[in-house]
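These come from TrEMBL:
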type	residues	note
DOMAIN	1-607	domain 'SecA family profile'
BINDING	Gln85, Gly103, Glu104, Gly105, Lys106, Thr107, Asp520	ATP binding site
DOMAIN	87-311	domain 'Helicase ATP-binding'
DOMAIN	442-612	domain 'Helicase C-terminal'
Amino acid sequence: MSFLSSIFPNESTRFIKSVSILVNQINALEESISKLTDLDLAQQTNILKARLEKGETLDAILPVAFATVREASKRVLGERHYDEQIIGGIALHRGNIAEMRTGEGKTLVATLPAYLHALTGLGVHVVTVNDYLSRRDGAWMGPIFNLLGISLSVINSQNVSYIYDSTVTKTNAEDEASSYKVDYDNLRTISRKDAYLADITYGTNNEYGFDYLRDNLATSIDNVVQRGHVYALVDEIDSILIDEARTPLIISSESNESGDLYGTCASIAKNLMPEEDFTMDEKHKSIALTDSGINKTEKALNIDNIYTEKGIRFVHHIENAVRARALYLIDRDYVVKDNEVIIVDTFTGRLQPGRRWSDGLHQAIEAKEHVLVQKETRTVASITFQNYFRFYKRVAGMTGTAETSSEEFRKVYNLGVIIIPTHKPINRKDHPDLIYQTEIIKFRAIAEKVKEIHKTGQPVLIGSVSIDKNEILSTYLKALSIPHTALNAKNHESEGELIALAGKRGAVTVATNMAGRGVDIKLGGVPFNLEAHDEIKNLGGLFVIGSERHEARRIDNQLRGRAGRQGDPGQTQFFASLEDDLMRVFGGDKLKSIMTRFKFPEDMPIENIMVSRTLENAQSRIEGFHFDSRKHTLEFDDVLNVQRTTVYNRRKHILAGSHEDLEKELEMIMQETTFKEIEDIIEEKKNLVGEQNFYETLRRIALYSIDIHWQEHLELMDYARSSTSLRAFGQREPLVEYKKEGLKLYHDFEYATQSNIIDLIKTIDIAK
């Protein structure tokens, strides 16, 4: 601890000091709990539940609960929670983000607060970034919870769900450390609804979010699967709540828009030239047609003026076609696989099947790549992760890199970041960045550096920012006859295995920055071998090379964190060029002119403070830009979120309500509308079909009316958002205008829904 931090302790230091007594209490219980039989240890769960029922708090039972989980882990996994992991568990219980470095056992830490909160019987949702990790972690930690009588389930995409079942005979071999392979024998398939009834559920952020939206489209209470949002424990929380914050989850239905127009506009965009026919803003991913571009477009479409009522529908399509051509690149922003355009998450390098860009952009890219242009869709339900996770009474998270985003976590989610000390001192050497003038020279330098390291047998991991850069690096390594493995984040389970083996002697692994995230790289490879581990240790550990600075410092730090896990030695170094995206968009021209003026040799790298500061300033600026952008998105989405919450609560009330509740709904409609004559009609219909049939028909009518008009409302709100943004040019505050417009549209939605319900009541008749 530095002199200044001892005088002015930060939040993490204060937290660790404040929980030291609690950690001592948990440690003091270890000996007595270790003497319990397995049966008595399992009985601890019932004893703790009984204490909660008598009015004790989770804080009061925490020491015994944590000591119980620690003992269960020792017995079934042979792993004991360190004091640092106990501190992490306390931070998570209290609704903080625990920043824990790679290899510090975040998966094991999660078992502590997950067990404690499972004792309430209200359900715990553990959130992972992909299906593979949810299965792996569920199967890996399942034995702990099974011993303690706590049920654990896993939800995956394609509506596949599992329950951990220890009674099934094991047949598959598993890696010794359970670090990457999934033992499917212990995961038995169950229904989605049953999965959510388990004490603890592991699943991805996408699946939890989509299940929430589907529940709010259900027409029968039997089809609702979630039972509430109480405690969410989010792994890789920065990836989910920051990197994916602006991308909403959308359930959509097909629109009637013609697909031919996309092909026509793609052909026109092909012949438009940058600067001459359009200007582009790479940072904001936007374009603007010049007079020349407008003239060429009008001539190609045989329209006098595309900005008239007749031609305005073409403007959006042609702008999307140009954006698709100029700003969205194959193997960086998307890949084409099985005749389909699949989005690549540019932060993580992972493919995102099922996700589509909105507003016709995805169709524009499909037309550009000459694959089947899928029909444009109409949004039926949507929500951002920012707003979904705000439903939970308590959210906590884990990551190796949260400190650089602590301001955003605090301001947006009211989450504190607690930096958990490592169990062993960090023994990693971070070498200074090397900056080259051109990308080609940089790639050559990386390949030469790898060749030099590879001769010693020291394992090397090279991180790239995209799939296309990954493939370029692979080409340079092949040219020097360097054997290597290339990972492109396409198969999470196989990439997990290959990443786990990246610490073997002589291994050279090229991977997108996030490939194999959640899997430790153990020196010597897996299964663990002490002799192989020590050999790599003596060679200097894993050498991590970053092939480019990412626009977010967190991603760079995550890559660095691959080396030097659990006190092992390791080395890292970043290579950059003035042609890299980050440098090109943020100030690389100035540096390039200096290098040209002083006649720097092309193959001579720059290695000084000024250049490093330029890179750091560029990262800070772009992080600030993205923070403002996410904040802006949330402010606008909050307007719709209030409406969404009100509508969905009303919908749930109708879906699950009794006939008395439905009668009250009718009374409310009659009070708020001018349709007074409806009272006589209602009585007439009750007599015609019987009260039971009338109310069940009313339930269906009300749900249908809400759903159909909510879809229209979402579309109108989207238009309102676009139009109010334009009003900024008229010196009017867009958010204020959007709120006003949104309120008016919501009143229209309510009136239209109620009118529709009344109109449909009039049509109720005896089934023929």
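Using the three backbone atoms N, Cα and C, a Cβ is placed for every residue, glycine included.
Curation plays no part in TrEMBL annotations; they are all automatic predictions.
If you take the C-beta of Gly103 (ATP binding site) and look for same-chain residues 6 or more apart in sequence within under 8 angstroms, you find Asp520, Arg565, Gln566.
The record gives Gln85, Gly103, Glu104, Gly105, Lys106, Thr107, Asp520 for ATP. Within 8 Å of the mean position of their Cβ atoms, the other Cβ atoms in that chain belong to Met100, Thr102, Leu108, Val109. Each of the binding-site residues Gln85, Thr107 was scored by how many other Cβ atoms lie within 10 Å of its Cβ, and the smallest score goes to Thr107. Of all the binding-site residues listed (Glu104, Asp520), Glu104 sits in the most crowded Cβ setting, with the most other Cβ atoms within 10 Å. Cβ contacts within 10 Å of Lys106 (ATP binding site), excluding its own Cβ and spanning all protein chains shown: 23. Annotation for Gly105 (ATP binding site): spatial neighbours Glu79, His81, Tyr82, Gln85, criterion Cβ-Cβ under 8 Å with sequence separation of six or more. The average pLDDT computed over the domain 'Helicase C-terminal' (442-612) stands at 85. When secondary structure is read from DSSP and collapsed to three states, Lys106 (ATP binding site) falls in the helix class. Counted over all residue pairs in Gln85, Gly103, Glu104, Gly105, Lys106, Thr107, Asp520, the record's binders of ATP, the longest Cα to Cα distance measures 17 angstrom.
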